[in-house]
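S.K.: Attaching a single structure in structure tokens format; questions to follow.
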Amino acid sequence: MLVVEGLTCRFGSKAAVDGASFSVERGSFVGVIGRSGAGKSTLLRMLNRLAEPSEGRILFEGIDVTALQGRELRQWRARSAMIFQQFNLIGRLDVLTNVLMGRLSEVPSWRSLVQMWPEQDRALAISALDQFDMASYAAQRADQLSGGQQQRVAIARALVQQPDIVLADEPIASLDPRNTKIVMDALLRINKHFGITVLCNLHSLDLARSYCDRLIGMASGRVVFDGAPAALTDQIARELYDLEADEVLGTASHVPHGLPAPALAGVAVA
């Protein structure tokens with residue numbers, strides 16, 4: 001279980017995240033929602049320790065993540081794989097090598113420098129690409145792919161880290177509707193098929209309701225909603241987005257055909 005206790009991140013006098021507290025059961029698909037500047041990205045970066053908390057604690061299976069340093073911190077970053085809005089691929093390298101970068105914490109640095117990856121890691125990378133119909137692009141340069149294809153490569157890279165948690169920071173923000181669905185289906189697959197916990201920052205409530213079994217809503221750095229998608233009221237929607245409710249709440253879409261419907265969690269409004 002992931003437990004967040006009073007997590008705060010300040011930049012000068014401004015709190016980007018202010019006293020966030022929640023817990024996440026293993027195997028959950030949690031959407032973190034709210035308008036731009038609500039603190040969603042900072043929250044996920046703190047969970048991975050790319051951003052340092054000013055106050056509070058992050059616990060995972062009893063381990064104090066906020067106290068980790070050195071090799072233990074690098075291991076945690078491998079266990080909590082990040083997926084970024086801008087993909088963070090190396091364009092001049094081929095797709096397979098980009099995916100193998102997810103194994104850096106497990107191999108000596110000289111192997112990656114001379115591109116001598118162990119055969120078992122290469123097989124793992126090809127298998128991960130195959131999960132998202134990208135194995136045929138293994139030898140192609142990453143910068144020759146579409147945005148949706150690049151994001152699927154980034155998800156495959158996260159998968160080869162063999163993580164406990166995937167932290168997806170606005171993974172579909174720059175994608176068209178078709179590629180948005182492909183990428184969200186890929187995230188749902190690693191959650192349902194591999195049992196990996198997913199925390200995904202999303203701006204769209206319709207997508208969040210379709211794919212997530214739980215929502216954490218943020219406004220001005222604070223958690224103001226934590227519960228099932230069906231429990232998101234007009235009042236909470238207005239607080240999250242500072243808009244009229246009918247501008248942000250639509251009819252919930254269905255989970256993609258062939259994938260199990262998520263179970264609803266309980267509701268707690270902070």
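Just so it is clear, glycine is given a Cβ too, placed from its N, Cα and C backbone atoms.
Pasting the feature list from Swiss-Prot:
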- 2-245: domain 'ABC transporter' (DOMAIN)
- Gly34, Arg35, Ser36, Gly37, Ala38, Gly39, Lys40, Ser41: ATP binding site (BINDING)
S.K.: State the mean pLDDT for the domain 'ABC transporter' (2-245).
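M.R.: So the average pLDDT across the domain 'ABC transporter' (2-245) works out to 92.
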S.K.: When a 10 Å sphere is centred on the Cβ of Gly39 (ATP binding site), how many other Cβ atoms does it contain?
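M.R.: Taking every protein chain into account, the count is 25.
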S.K.: What's the most sparsely packed of the binding-site residues Gly34, Gly37, counting other C-beta atoms within 10 A?
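M.R.: If we count Cβ atoms within 10 Å for the binding-site residues Gly34, Gly37, the smallest count is at Gly37.
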S.K.: State the three-class DSSP label for Lys40 (ATP binding site), counting H, G and I as helix, E and B as strand, and everything else as coil.
M.R.: helix
S.K.: Could you check the binding-site residues Ser36, Ser41 and say which one's CB has the most other CB atoms within 10 Å?
M.R.: Ser41
S.K.: Within 10 Å of each Cβ, count the other Cβ atoms, then let me know which of the binding-site residues Arg35, Lys40 comes out lowest.
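M.R.: It is Arg35 that, of the binding-site residues Arg35, Lys40, has the fewest other Cβ atoms within 10 Å.
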S.K.: Tell me which residues of the chain lie with their Cβ under 8 angstroms from that of Ala38 (ATP binding site), as long as they are six or more apart in sequence?
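M.R.: Spatial neighbours, sequence-distant, of Ala38 (ATP binding site): Met218, Ala219, Ser220, Gly221, Leu240.
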S.K.: For Gly34 (ATP binding site), just give me the three-state DSSP call.
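M.R.: SS state of Gly34 (ATP binding site) = coil.
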